[in-house]
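**Student:** The structure's right below; bear with me while I get my questions together.
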């Protein structure tokens, strides 16, 4: 039946390319668009095209931005002496949302993963090192994910950065806020006890 | 952070209008599009615009179609004597997929729902009656959903169609294929036993 309406079949196929959206959900979304007014559908189509036209990468920190350098790199109110390294722009957004960091950023666009063939040359590693040379940076906070790939990337970067005489740190491990100790995994409890703080 | 990238914020807002897609999923989809090539994003935007330009409603059965009358109405191989009434184009697709029906269709575009202020004048009811007068239709299969609204709509239509001397039917109730009797609801078991067939 969908085959007899090629433009509907085509949209279902396009929406089905999104991660986590199967054929059923794609069909549901397409039918929703069909019931929307033309101007509403146009607004969505334009937003998609505009995103690709306007958003690029900052030539300094490689975060996504509409202006180059990005607002985070040009904000004079941020601390030049501490640089936070993240895997993806989404991670940067999570840290910004927490309002816990007021330094600069550097986005790697991934993590080392030999199994997937991702080496340092596929990430913004050379750009990071070039940035650190002759810079006011005193500390690099490596906020890659706490996965095997993220940890390996952190260790790899630390080894490269230490010779530059710059301190390297990682966010603390511990019990997540609001947790019931009973349900926290053992490894996290070990780290939390080791890192205990006097109150 | 999203606020500093207006085109990204705008796309997240647009994607968030889809039913069942919250802000988190919308953000994930927008970042996926950001990683796609411009031509892939364009393909999606064009598919959306094309859908709204090309797809309309058949003036005979009110199913969605790119040509008017639609292929189902013009197909000479289908039986003119039986007409299946459904609430939505999606229901029509479900019946077509089952390959169990070879007659014509009529799409109501909803069901009666006094609480939501939906009366017969909001549905393609007058169009259905006009179609049935002086037509070769001998039986109307009312395949509205088996919900309160769908059942009420079926009863309402049956009362209007009977005086025209046309038979009215509903799809059979019974145990769904592959079901474990233990888990089938009581009302369905009652209908299945009442409607038992000799084998």
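Cβ coordinates come from backbone N, Cα and C, glycine included.
Okay, so TrEMBL annotates it like this:
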ZN_FING   B:58-73  zinc finger
DOMAIN    B:81-176  domain 'Toprim'
**Student:** Treating G and I as helix alongside H, and B as strand alongside E, what does DSSP give for the domain 'Toprim' (B:81-176) in helix, strand and coil?
**Tutor:** 41 helix, 20 strand, 35 coil
**Student:** Under DSSP, the zinc finger (B:58-73) has how many residues in helix, strand and coil?
**Tutor:** 3 helix, 2 strand, 11 coil
